[in-house]
Amino acid sequence: MEGNCFNQTVFLFTLLLAIAASSVRGHSTRVGFYSSTCPRAESIVKSTVKSHFKLDPTIAPGLLRMHFHDCFVRGCDASILIDGPNAEKTAPASQFLKGYKVTDDAKFQLECECPGVVSCADILALAARDSVVLTKGTSWAVPTGRRDGTVSKASDTDGNMPGFQDTVDVLKQKFAAKGLNTRDLVTLVGAHTIGTTACEVFSYRLYNFTSTGADPSINPAFVSHLQALCPQNRDGSRQIALDTGSADRFDTSFFAKLREGKGILESDQRLWTDVLIKTFVQRFLEVRGSLGLSFNVEFGKSMVKMSNIEVKTGTMGEIRKVCSKVNEY
């Protein structure tokens with residue numbers, strides 16, 4: 001959203017800064033951090049995400065992925081939003097992310113409402129939650145109080161971001177390095193219940209994966225379906241649903257697809273072939289049983305854990321005036 005907002009009076013600006021400074025005590029996030037300094041912060045982010053979602057529903061998975069990418073590199077500090085020739089957003093792993101206009105729009109509105117108070121990192125955390133809700137998922141309380149980082153390097157994604165060809169052991173190591181356990185891993189990968197990926201990301205599984213043809217972990221009938229969508233040596237940028245038939249709804253259908261051998265990404269399908277991890281997938285599909293787990297409930301818990309990875313609070317970092325500030329490094 002563009003336009004001019006009325007300048008705040010010096011008194012109001014000073015007062016807000018003073019209140020913000022007094023509220024940042026300790027070194028942790030908390031629910032309702034902006035209740036005094038910017039009471040409408042969460043509602044402004046929510047309405048902004050909703051308005052963009054109505055125009056383009058694909059921003060929901062985009063914002064959810066962006067928050068994930070942000071947290072796994074330098075912690076949840078909005079470094080993924082920073083512009084620059086060598087910034088995080090230029091890394092190969094981040095090339096298909098979308099939602100930058102949404103965070104910029106929300107930040108513009110928040111700067112008009114309460115200048116210098118709400119961080120871009122918190123905007124991203126809130127937007128990720130709101131995106132899940134808009135795709136029929138369950139809401140959760142988002143702790144806020146993060147501050148924004150000042151450094152963003154594409155090279156920092158190396159070795160930190162989980163990859164689509166990672167083995168289960170490598171995935172476990174990368175999640176464990178961020179304080180996340182195996183249940184968190186399975187739960188957060190479940191975010192692939194919404195959104196798409198490009199043919200070029202997974203088509204290697206369809207052709208000459210082995211001497212006899214496609215990846216044997218893919219359902220044979222599904223191989224033909226995917227080959228029709230992603231012909232060999234054709235447009236690799238074509239987007240394919242990660243959860244076939246349910247890419248716009250946040251549900252457990254993604255896990256059912258893994259059970260059927262219809263995981264699009266190699267790393268996703270491996271959640272079904274690993275004995276320990278398979279157990280969590282089965283529990284998400286058996287909610288009514290004694291060992292069942294509610295995916296929506298667990299997702300909220302894991303998102304809160306992830307959103308607190310290496311956060312900057314107190315006097316660390318800064319509160320950006322523009323989320324996509326030019327990288328200084």
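Just so it is clear, glycine is given a Cβ too, placed from its N, Cα and C backbone atoms.
The annotation signal peptide is assigned in TrEMBL to 1-26. Residues or ranges marked as domain 'Plant heme peroxidase family profile' in TrEMBL: 28-327. TrEMBL lists CYS38-CYS114, CYS71-CYS76, CYS120-CYS323, CYS199-CYS230 with the feature disulfide bond. Under the heading site 'Transition state stabilizer', TrEMBL lists ARG65. Under the heading Ca(2+) 1 binding site, TrEMBL lists ASP70, VAL73, GLY75, ASP77, SER79, GLU88. What TrEMBL lists as substrate binding site is PRO162. What TrEMBL records for HIS192 is heme b binding site. Under the heading Ca(2+) 2 binding site, TrEMBL lists THR193, ASP243, ASP251.
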At the Cα level, what's the spacing in Å between VAL73 (Ca(2+) 1 binding site) and CYS323 (disulfide bond), rounded?
17
List which of the recorded positions ASP70, CYS71, GLY75, SER79, CYS120, HIS192 have their Cα within 10 Å of the Cα of ASP243 (Ca(2+) 2 binding site), in sequence order.
HIS192
So of all those recorded positions, GLY75, PRO162, HIS192, CYS199, ASP251, which one's Cα sits nearest to ARG65 (site 'Transition state stabilizer')?
HIS192
Including all protein chains displayed, how many Cβ atoms other than that of THR193 (Ca(2+) 2 binding site) lie within 10 Å of its Cβ?
27
Taking the Cα atoms as reference points, how far is HIS192 (heme b binding site) from the residue listed as 'substrate binding site' in Å?
13
If I take the alpha carbons of CYS114 (disulfide bond) and ASP77 (Ca(2+) 1 binding site), what is the distance between them in whole Å?
20
Here are the binding-site residues: ASP70, ASP77, GLU88, ASP243, ASP251. Which has the lowest count of other Cβ atoms within 10 Å?
ASP251
Which residues of the same chain, at least 6 positions away in sequence, have a Cβ lying under 8 Å from the Cβ of CYS71 (disulfide bond)?
LYS178, MET306, SER307, ILE309, GLU310
Counting only other Cβ atoms and using a 10 Å cut-off, which of the recorded positions ARG65, HIS192 scores lowest?
ARG65
Determine, using Cα-Cα distances only, which of these binding-site residues is closest to CYS323 (disulfide bond): GLY75, ASP77, GLU88, THR193.
ASP77
